[in-house]
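Straight from Swiss-Prot, the features:
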- ASN37: N-linked glycosylation site (CARBOHYD)
- ASN121: N-linked glycosylation site (CARBOHYD)
- ASN257: N-linked glycosylation site (CARBOHYD)
- ASN318: N-linked glycosylation site (CARBOHYD)
- ASN361: N-linked glycosylation site (CARBOHYD)
- 145-166: repeat 'LRR 2' (REPEAT)
- 193-214: repeat 'LRR 4' (REPEAT)
- 313-334: repeat 'LRR 9' (REPEAT)
- 337-358: repeat 'LRR 10' (REPEAT)
- 400-420: transmembrane segment (TRANSMEM)
- 439-459: transmembrane segment (TRANSMEM)
- 479-501: transmembrane segment (TRANSMEM)
- 521-541: transmembrane segment (TRANSMEM)
- 576-596: transmembrane segment (TRANSMEM)
- 623-643: transmembrane segment (TRANSMEM)
- 654-674: transmembrane segment (TRANSMEM)
Amino acid sequence: MFPLLHFIVLIDVKDFPLTEGSTITPLCQKGYFPCGNLTKCLPRAFHCDGVDDCGNGADEDNCGDTSGWATIFGTVHGNANNVALTQECFLNQYPQPCDCKGTELECINADLRAVPVISSNTTLLSLKKNKIHSLPDKVFTKYTQLKQIFLQHNCITHISRKAFFGLHNLQILYLSHNCITTLRPGVFKDLHQLTWLILDDNPITRISQQLFTGLKSLFFLSMVNNYLEALPKQMCAQMPQLNWMDLEGNGIKYLTNSSFLSCNSLTVLFLPRNQIDFVPEKTFSSLKNLGELDLSSNMIMELPPEIFKDLKLLQKLNLSSNPLLYLHKNQFESLKQLQSLDLERIEIPNINTRMFQPMMNLSHIYFKNFRYCSYAPHVRICMPLTDGISSFEDLLANNILRIFVWVIAFITCFGNLFVIGMRSFIKAENTTHATSIKILCCADCLMGVYLFFIGFFDIKYRGQYQKYALLWMESLQCRLMGFLAMLSTEVSVLLLTYLTLEKFLAIVFPFSNIRPGKWQTMVILICIWIVGFLIAVIPFWKEDYFGNFYGKNGVCFPLYYDQTEDIGSKGYSLGIFLGVNLLAFLIIVFSYTIMFCSIKKTALQTSEVRNPIGREVAVANRFFFIVFSDAICWIPVFVIKILSLFRVEIPGTITSWIVIFFLPVNSALNPILYTLTTSFFKDKLKQLLHKHRRKSIFKTKKKSLSTSIVWTDDSSSLKLGVLNKITLGDSIVKPIS
């Protein structure tokens, strides 16, 4: 194990020389980013981690995702209500519950049931949280100086066509959180100076192009959480200055090529949380000035390859939480100015580096899987920061895993080494079987080595794993560890299957001559190792087909695969675990079941056996624990694989628990089940300890052992009835050591 530690490669900060006096940004290798104007480059994980790794603070600059226009406009809803009021009131007439400052009037929660009579010089009127149910014709006609009206949280159900007649100076109108179901065309036709129109949280189901007649100055339109199912053709035809449109949380089911045909000034378009399932290729072709587009949380399954072709100025794109099945390789080719791309909760089965290369200005990217970050090495900030198996700081997410990885590694490694030593020291009469057990221990010992490495790298990266996570999973060490674990697993599975079949033939068919001899056994063992080696090494041969087969997670074991995997790696993994290993498990369970039935049948037919029930219990217990250890080891793996076929989301931490607690069960228990608890081993050990004091007892036990035919070396575990079954054939079956 310890010579393999020389493969450890420490991740160092890279320095690149520049000519004297040069002020250009240094060229950094893939996955590294410059420290401002210094000659130093740091890995991506060292940027924006809260630590000044550069020395000049450059790695902690520009960490926030400020692309798009949200920061330019500020928090729209908050700014609209926080109006600076003077202390003196200049209004002559207003209701007593209202608060007047200057020419601005607030009648909040004043139990008003209609628009009150106020002074004509009022410029701001806030009627929030009252009981106004309707706005009749010309209700504001006397208040032509109004610039802002706030009518949120009333229960307005009806607005007359001429309700806002004469409000030529109105700039901001809030009608959110009401009960408006329909708005008549032309209701806003006198609002020539209106810049903000907020209609959030109303049960509006339908709108027409004519609804917005007169809104020639409208800059911001918000219809969040309405019940819209469709948009009118050329929605912006009456709003030539519209810059920001927010339609989040509606029921819009489709878009057309003409939906935004006249929205030439639009810079921000929000369409998240709708039911859009398809977007035509020319939908956004007229949005030449669009800077931010949000299509998240819809039902889009496919995007045309050139849908973003005309969005040359787009800075921020959010496609997260869509059931996209495929992204074209040139999907983002025209987005040269894009700075932020959100693909969270999207599986990308055909992901490749070329997909993101054209976006050279990209500074923030968000994925579903941590490993996707390796396909965008030029992006400074990539999320998520971990693979879900590990925590943000550590390779192993909690103290239980950190402690038991060493405990199980020690038990597995040194338990098997002890058995190898004792088997080599104690002379066995059946040398071929003893050799098979020692070979099994060698394979199981590799699992202990693998766990030691996991524990070692957990200590190495303790407290800073997220900085090294991606580099670690792509490293040669991680791949070699995965190779060791796979080699150990497959050789152990094949050897256990072989030993089970060997035992099966001896017990169920004691008079047959199809059991292998010494040389045949050696050939079988060599073939098992070759097959196991090939299974483990094949993913290295064609990386473009299998991808980083072992580097999918922090523990470097290809256990769980989602739908985003390459067809090669996914099929290969399923073939191994649900093909080879599941078949081997079924063979072992079936064989031990038949063996137990055969022994029980023989015991019932043999009258010489004094205590058949006790011996049946002993055999049943032994066989149960052998099968049970296999079940503990493999059933969780089979369940995970089957669930992955049905696209069931499984927490990443499950992998580390299975790899540390379940997968090594066989490797840890095999020395106990096949050697340490057998009567043969216990008797031999006693004989060695009492060699000089009890020579006579030693000879007696040796003589009794020489008649045993049990292939597990446990002469007391199996029925003496079996001996009666093959009394005439003792010379056919060699005693098992």
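A Cβ is built for glycine as well, from the same backbone N, Cα and C atoms used for every other residue.
As the structure is a computational prediction, the values presented were derived from the model and not from experiment.
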The transmembrane segment (400-420): which same-chain residues, six or more beyond its ends, come within Cβ distance under 8 Å?
1, 394, 437-438, 441-442, 444-445, 447-449, 451-452, 454-455, 458, 656-657, 660-661, 664, 667-668, 670-672, 675-676
Among ASN37, ASN257, ASN318, which are glycosylation sites, the residue with the most C-beta atoms within 10 angstroms of its C-beta:
ASN318
Tertiary contacts of the repeat 'LRR 10' (337-358) (same chain, 6+ residues out, Cβ under 8 Å)
65, 67-68, 296, 312-322, 324-327, 329, 331, 364-368, 372, 375-379, 383, 562-567
Among the glycosylation sites listed as ASN121, ASN257, ASN318, ASN361, the Cα nearest the Cα of ASN37 (N-linked glycosylation site) belongs to ASN361
At the Cα level, what's the spacing in Å between ASN361 (N-linked glycosylation site) and ASN318 (N-linked glycosylation site), rounded?
16
Considering the transmembrane segment (576-596), which listed stretch of 439-459, 479-501, 623-643, 654-674 counts the most C-beta pairs under 8 Å
623-643
Quick tally over 479-501, 623-643, 654-674 of CB pairs under 8 Å to the transmembrane segment (439-459) gives the top stretch as 479-501
List the helix, strand and coil residue totals of the repeat 'LRR 9' (313-334) as derived from DSSP.
0 helix, 3 strand, 19 coil
Please indicate, using numbers and ranges, the residues of the same chain that are 6 or more beyond the transmembrane segment (479-501) and have a C-beta under 8 Å from a C-beta there.
4, 7, 436-437, 439-440, 443-447, 449-450, 453-454, 524-525, 528-529, 531-533, 535-537, 540, 548-551, 556-558, 576, 580-581, 584, 587-588, 591-592, 630, 659, 663, 666-667, 670, 674, 711
